[in-house]
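Undergrad: Below are the features listed in TrEMBL for this protein:
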- R20, H132, T351: substrate binding site (BINDING)
- 40-379: domain 'Aminotransferase class I/classII large' (DOMAIN)
- G107, Y108, S178, H206, T234: pyridoxal 5'-phosphate binding site (BINDING)
- K237: N6-(pyridoxal phosphate)lysine (MOD_RES)
Amino acid sequence: MPFTPLNLELETRTEQGLLRRRRLLDSPQDVHLLADGKPYLSFCSNDYLGLASDPRLTAAMQRGAAEWGVGSGASHLVSGHFSPHHELEVALAKFVGKPEALLFSTGYLANLGVVQALVGRDDGVFADKLNHASLNDAMLLSRAEVQRYRHNDVEHLALLLEKSTSKRKLIITDTVFSMDGDLAPLPELLALCEQHDAWLLVDDAHGFGVVGDQGRGALSNFGLSSPRIIYMATLGKAAGISGAFVAAEPVVIDTLVNQARSYIYTTASSPALSVALLESLNIIRVEGWRRERLQELIQILRAGLTELPWKLMSSATPIQPLLVGGNQDAVELSDGLRARGILVPAIRPPTVPQGTARLRISLSAAHTEADVNQLIEALHELAC
Ligand code: PMP
């Protein structure tokens, strides 16, 4: 058999409780959904504001498709850059308080493109150890010298910067850490950038739409504004659709258009998506009740899970990880919830460090108090 080595690898993964499998959904993305033919209450998605199946966005997508067709037909630089893309870029830049923005097809591609375009062989990248996988891949692709600092440890980062002889220095961090839910110390990181003439790339995938005034994201949350900051966020989480953007100084955006390979060599997203995203941006801005609801649900969940053998990690965001430890234990807990009609994913290494397998509970503004109480009760039953 030509693929025997692959079979062996998959068997090892299975033995270690690390085999990944997909689940087939037969209903729209929502907190109540049909998966593998069964109804579930879901705490799995990143649809934090509950917009993924909002009828207004569906209608906007239909309008967009009727006016612009379904495909862009080419990359942005060839003939795939349409007015809705441009309009969305202008609106996103204004929303996050940056001069310009550039759309990418996904956040993964945005991160690969930015890091590869901005730094190379003689440069240094300084990255938080718990950054998202796409940022880690981006650093390797860039060929810059990579140094990883301990999670949110500004003093460790300062030491690395002091020793560095790299030409350009780029500090990279998630704003809201995707598997922990905690926030990066952005003001301190920016101060270090100023001290060491470095640039700061912030990945606000989980902050955009959720934190900051009107959901404007992590920079607004901390009241930060600096040309040194290169802001990136995804549009497949709180914005409910898909895509991503980078917002920065015009010179950075022009550099990306000219150098970011994941921007240049890929088909532009459908202009209909941009029409729907403009509608989503408006909802994010005006429907503050969605963020208020999230805060209420976070309080209810945290108050309800204090007396369990597993501890909630410290987080004030809709990402509420319940630390379990062992891989198999996390899988069993997730299976136990699934048997009770509740979906919560078990997150295991290498996505998180060894010994810190966890249930990643994601809350959505579409959850009700009763939904959260159902999860709390099920976890108490499983703890007995
Ligand atoms: N950055 C972070 C922090 C993420 O969590 C994700 C998605 N899981 C991405 C980037 C990638 O974004 P996308 O899903 O749009 O590719």
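In case you wondered, yes, glycine gets a Cβ from its N, Cα and C as well.
Where the annotation comes from TrEMBL, it is an automatic prediction and has not been curated.
Please situate the listed features within the shown structure.
TA: In the three-state DSSP scheme, T351 (substrate binding site) falls into the coil class.
Regional average pLDDT for the domain 'Aminotransferase class I/classII large' (40-379) in the model is 97.
Secondary structure at S178 (pyridoxal 5'-phosphate binding site), as computed by DSSP, is coil.
K237 (N6-(pyridoxal phosphate)lysine) carries neither a helix nor a strand DSSP state and counts as coil. Cβ contacts within 10 Å of K237 (N6-(pyridoxal phosphate)lysine), excluding its own Cβ and spanning all protein chains shown: 29.
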Undergrad: Taking the Cβ of T351 (substrate binding site) as the reference point, list residues of the same chain whose Cβ is under 8 angstroms away and which are at least six residues distant in sequence.
TA: A133, M179
Undergrad: In terms of Cα spacing, which of the recorded positions R20, H132, K237 are within 10 angstroms of S178 (pyridoxal 5'-phosphate binding site)?
TA: H132
Undergrad: So for R20 (substrate binding site), how many other CB atoms are inside 10 Å of its CB?
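TA: A count of 8.
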Undergrad: Measuring CB to CB from H206 (pyridoxal 5'-phosphate binding site), give everything in the same chain under 8 Å that is also at least six residues away in sequence.
TA: N46, Y48, D174, T175, V176, F177, S178, G181, K237, T317, P318, I319
